[in-house]
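Student: There's a structure below that I have some questions on.
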């Protein structure tokens, strides 16, 4: 791992790091996150009483689209050909659990794409429920695993603290 | 507060709620969030040893720009004339603390804009440090306060749990 | 109605017509369209045998988002504060029928936004079914009705030919 | 051809299908469409009496740009390196005829890009003429031919019905 | 005129200045610029020998569209409802002369929109001619006049030096 | 070098030239430009008296992001995988000097990306200083050097005239 911030040069100036010499290989990343919501919202998202309808679909689609927008959102990210995205949302007893996996065959990893996917799916859940619950909190957005590329496989070590 | 999801209709189908009859008034929202980072990153972002340079500026600017992109990211959000954005980032002992305030004089509130601003500033911090710390976690993205509009002022009640 | 193309000047050069002196009033437009699909697709979209799941939801959401992108797609369209969008998709015996209504309180009408909404919902239906039916045809995209603004109400006269 | 919707999984949830294992090959698609317009508009677009000027050029350019925006418009489309686009517009006795051909050397086909190109060129024609003719109708947007990729060549069979 | 940079706060941190209390008034700005091109290009753009066709139309349309994208390009610019844009391009003996006027009825001026319009029209001219002339230079992009808003009218004083 | 405009066909109609048969090779381009500003602005940007803070960082980041948006701004540009961008801004006695280098491994050159990067960094400088100096002028945006691709290396010949 590097001991310095690669996105700023020796003078501290932001740059997009040159990756033109990196290999095109298959890379994959999985990120997760969670939106804490009120019991009322949990009921509504489970379809109790009223049709939940498109509620989670909107978040799923927003996440997929956001993965494609990552280089437009995160200034020093490279544009990248995203080749596959899945977003899973499930409703637990106090939260919407989000998991996203992004795949590519390109020159850089897709960790930022997976995290952006989760973050925007989470924002969309908050938007969906905000008329019912103004206190929703998006939390624990993080990389669970990445594979491919020169740095190889990374798996998050659980620390019991989050 | 509503007891149903306003963004889906009686059949459960997604829609953009009509706000054309709402008043143009000044509205403001403040959101916060936090990116947990390693001690090495804390040192680098404080400028110990190497120039921190643009590192936090990139996140600040990404957040401001993301506030403007909210209706493009969150499918059912209304396009809205954002009239002011401030983003504060500060480095604590184990995290980058983010706070964003968005103001508008328009027909809907800017809570989603403030949350999007924090989320994307957080994603940009993760991108900035990911060569040094793959385990960064974005957490506690939430509304602290909103003012203006028909529903008036909302202030988060601290619950000691996050 | 005008007897000339207002989007080009006397020399034939494209311009965005000045609307700064127009009044902010509530305006609404409804557009419709249709995607002809094969019987197999009709069955799948009705959920026969397999879950239709998000299929129509994706098109509905794509339509809503496209309405917001209209000034980015149609070069001489004015940016405009869209205040409400509904998109209805229904599956008839040989087609997906699309209807979209857009509302605003702004200086220009929303006919182009309603048409763009229908067109992109239609494109998304084609994308959704193209592995099963390569011959889908998007057709009959047109304004059904508009209200508001100086030119007042317009209603399509049925001509029996479409 | 598939007998199911590939863009939703077994639970019916939308996803972007993984194409990272597909080959980079040259692929091409041609789509066509038509905008029915009034005789007055036909005269204006043929330059009778007044310069037609940029009228069709705006639609041509809007179509080319829209081809590049396809993955931003159609939620489950893969981002793709478009390598060539031509758009032809011709004025017939009652319509503007649109034909677009898109080429790429990439992992997926460009049918959606060609269709999006035609649809947005058509929307732009409607915008261009709407002060003169509110009844314009966009119709018959469809794939005429595609070549390249694993599924090979597809040519539309004329059915006399559209 | 201010004696400090309004876009950074007392700590030097970038922000979007709050304009929610400013009045909605009609504002206009005119910017100009120039692209120096070779004699061969001058001939081609004047249509000598070959049809100049859409060459200048593409730049005109690109300029109009870029005016709408200003807040997406210039990070601290406010989103703004552009209400009219004209772009004039004329071919002089050694250059393409560009002039753009942007109008709005909104809370901030449109100087940046007019400058962005000129700059992107200029970039498009360079793109159009680059196969023939790699040495094209975009120059003298500046505000000629602005009217409206609290600071009133500004007219450039010619200095003979540019 | 070509003796005709490659972006329009024999009829003068705009098109995106087909590059699908071109090789993927490493290509690089450097562009420069300059923003003339008043002595007061020079002092502020050098941090005399007040913190210059993020002022130049905003322009640097805007330039990097604009390089990625080139195909969205310049209508006939191909979408392209940008693999590295650096932007240098330095404050001389009467101007901000801008230099940008863009690299890719793709099928077309990155001259337009480097020029767009410089132009938008320049626009952002103007925005940053406009409260202090309304007379800022962006000038001399041009390619200094390009390498790679079939046409090989190009270096600007200084002509003493700009």
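FYI, residue positions are counted from 1 along the chain as it appears here.
The backbone N, Cα and C atoms fix where each Cβ goes, and this holds for glycine too.
From TrEMBL, here are the annotated features:
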DOMAIN    B:16-149  domain 'Molybdopterin cofactor biosynthesis C (MoaC)'
BINDING   B:76, B:77, B:78, B:112, B:113  substrate binding site
ACT_SITE  B:127  active site
Student: For the recorded positions listed here (B:113, B:127), tell me which residue's CB has the most neighbouring CB atoms inside 10 Å.
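Tutor: Ranked by Cβ atoms within 10 Å, first place goes to B:113.
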Student: Helix, strand, coil residue numbers for the domain 'Molybdopterin cofactor biosynthesis C (MoaC)' (B:16-149) per DSSP?
Tutor: 45 helix, 46 strand, 43 coil
Student: At the level of the C-alpha atoms, what whole-angstrom distance separates residue B:77 (substrate binding site) and the residue listed as 'active site'?
Tutor: 26
Student: Using Cβ atoms and a cut-off of under 8 Å, determine which of the recorded positions B:76, B:78, B:113, B:127 neighbour chain A, and list them by sequence position, or give 'none'.
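Tutor: Of B:76, B:78, B:113, B:127, the entries that lie near chain A are B:76, B:127.
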Student: Can you tell which of B:76, B:77, B:112 has the most other C-beta atoms within 10 Å, given these are the binding-site residues?
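Tutor: Of B:76, B:77, B:112, the one with the most crowded Cβ is B:112.
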Student: May I ask which residues of the same chain, at least 6 positions away in sequence, place their Cβ under 8 angstroms from the Cβ of residue B:78 (substrate binding site)?
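Tutor: Those within reach of residue B:78 (substrate binding site), by Cβ under 8 Å and sequence separation of 6 or more, are B:16, B:19, B:71, B:107, B:108.
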Student: From the recorded positions B:76, B:77, B:112, B:113, B:127, keep only those with a C-beta under 8 angstroms from any C-beta in chain C, and list them in sequence order.
Tutor: B:76
Student: How far apart, in Å, are the two Cα atoms that lie farthest from each other among B:76, B:77, B:78, B:112, B:113, the residues recorded as binding substrate?
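Tutor: Roughly 13 Å, rounded to the nearest whole number.
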Student: For the domain 'Molybdopterin cofactor biosynthesis C (MoaC)' (B:16-149), would you mind checking the mean pLDDT of the predicted model?
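Tutor: In the predicted model, the domain 'Molybdopterin cofactor biosynthesis C (MoaC)' (B:16-149) has a mean pLDDT of 95.
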Student: At the level of the C-alpha atoms, what whole-angstrom distance separates residue B:113 (substrate binding site) and the residue listed as 'active site'?
Tutor: 21
